[in-house]
Every structure is written in structure tokens, then in C-alpha cells.
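Notes for the one structure printed next.
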């Protein structure tokens with residue numbers, strides 16, 4: 001498990017080191033930048049001859065530092081008032097020459113953290129905390145998969161404008177495809193008629209797909225290409241309304 005985790009971390013940061021890192025504005029009027037990368041310092045310090053090695057060393061000193069950097073990443077950009085119910089996620093976008101075989105690294109890091117927490121429990125406590133043993137089920141059935149920009153074609157950005165999602169991103173040695181890890185309600189699941197575990201005598205329930213913002217390379221209606229935050233499907237939640245007349 002530890003060896004697999006180490007391999008994923010090294011591969012992930014190798015991709016970050018190979019990807020272009022230039023200044024980019026949120027609304028897409030800047031230059032090309034790697035999505036989801038948290039930059040430190042000035043632009044000159046990022047584009048110097050040793051910028052990639054410095055960033056790689058500072059982030060990969062220990063497993064704990066890597067987890068802290070990715071799980072506690074802070075976003076200062078806020079959605080507009082119209083889209084204030086949406087969150088910001090940058091880990092659901094990946095640049096790759098082929099369809100990714102695993103969920104985003106941040107998801108795997110969370111699973112690894114849970115694995116470490118479970119390792120510190122006694123066998124009895126571990127069995128008791130296992131959701132499968134307690135009979136726990138999700139309120140709404142969902143499905144997750146990687147989709148390409150060719151499947152999305154268009155999306156809504158943070159200003160509410162419809163933009164074109166570009167299928168390929170230029171990199172120094174060619175082009176990579178943009179992949180988005182989307183989560184939505186499962187139309188073939190057992191909760192398509194309502195949320196699981198809800199008292200239907202008193203409540204109307206519905207499983208609904210919600211969206212969050214991720215950073216992607218897009219083009220607006222004025223043919224301006226840049227990195228913008230767009231909305232994609234990221235979760236399936238239960239919505240409730242009380243039944244009247246009871």
C-alpha cells in the first residue's frame with residue numbers, strides 16, 4: 001500500500017514538473033498555466049531554471065507535507081452571487097494522453113489518510129467502525145467517471161457565460177487531453193424514485209446532481225483562450241420538501 005502510494009505521488013509531481021507554469025488570470029485573460037497548482041512567490045521564482053526542482057522538493061519532503069498541501073489547499077476565489085451554492089475543486093481535472101485509470105490523486109490521498117487512521121485502531125474498534133458491518137448505505141446512489149472535453153463541449157464559467165471547453169492543451173512536447181472526473185446521480189440506481197431512508201409519509205425526496213467549479217482551458221465567444229473556472233457535476237445530494245396537509 002505504501003509503495004503504491006509513493007509511486008502515485010512521484011508520478012503526480014513529475015507531471016506537475018513537466019507541465020507549463022505561467023501566470024494565468026481566473027477569467028481566462030492570462031497565459032497558459034497548470035490547473036490546480038498553488039503557486040508560491042513571484043513569477044520570476046516560478047520560471048527560473050530550478051523552479052521545477054524547488055517546487056518538487058518543497059512539496060514532496062514527506063508524505064505528511066504532501067497530504068497537507070493537497071487536502072488543506074485554500075481557494076481565495078469566490079463564486080458569483082448567482083452561483084454561490086457551488087464549491088471550488090481543482091483536483092477533478094487531469095491532463096493526460098489517455099483516459100486515467102484511477103480517481104484523482106486527492107481522492108486517493110483521502111483514502112490513504114483513512115487507511116492510516118484505521119491502522120491505529122484496535123481490531124475490535126476497526127470492525128465496529130466498518131460501514132459495511134454497520135449496514136451503512138448512501139442516501140443517494142451516484143456514479144463517477146472521467147469524461148473528455150469532447151463530451152462536454154461547453155460549460156458555464158463563474159461569470160455565468162457559456163464557454164467552449166478545449167479538448168487539447170498545448171505542452172512543450174505536444175498536446176494533452178483534458179479529462180474531468182464527474183460525479184452524478186445514478187439513473188439506474190435504487191434511489192431514482194427518492195432518497196434512501198426517508199420517511200415518505202412526511203417528506204418528498206429527490207436525489208439531485210450538484211455542480212462545483214474546476215479550472216479548465218476554455219475559449220469564450222470572443223475567441224479568447226485561457227484558464228477559467230467552469231461548472232461540472234461533482235456530487236449527488238438528497239433534497240427534501242415537507243408534505244403539506246398532514
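Keep in mind that glycine also has a Cβ here, set from the backbone N, Cα and C atoms.
Feature annotation from Swiss-Prot assigns disulfide bond to 140-207 (among others). Neighbour density for residue 140 (disulfide bond): within 10 A of its CB lie 24 other CB atoms from the protein chains shown.
Sequence-distant neighbours of residue 185 (disulfide bond): residues of the same chain at least 6 apart with a C-beta under 8 Å from its C-beta are 140, 141, 142, 143, 191, 192, 207, 208, 209, 236. In the three-state DSSP scheme, residue 185 (disulfide bond) is classed as strand. Taken from Swiss-Prot, the feature disulfide bond covers 185-236 (among others), and the record attributes it to similarity to another entry.
The disulfide bond annotation in Swiss-Prot covers 195-238 (among others) and rests on similarity to another entry. A strand conformation is recorded for residue 238 (disulfide bond) in the three-state DSSP classification.
Taken from Swiss-Prot, the feature N-linked glycosylation site covers 120.
Taken from Swiss-Prot, the feature signal peptide applies to 1-18, supported by sequence analysis.
Sequence-distant contacts (6 or more apart, same chain, Cβ under 8 Å) of residue 195 (disulfide bond) comprise 139, 140, 205, 206, 207, 238, 240. Look at residue 195 (disulfide bond): DSSP puts it in coil. Following the DSSP three-state reduction, the secondary structure of residue 140 (disulfide bond) is coil. Candidate disulfide-bonded residues: 207, 236, 238. Fewest other C-beta atoms within 10 angstroms, 238.
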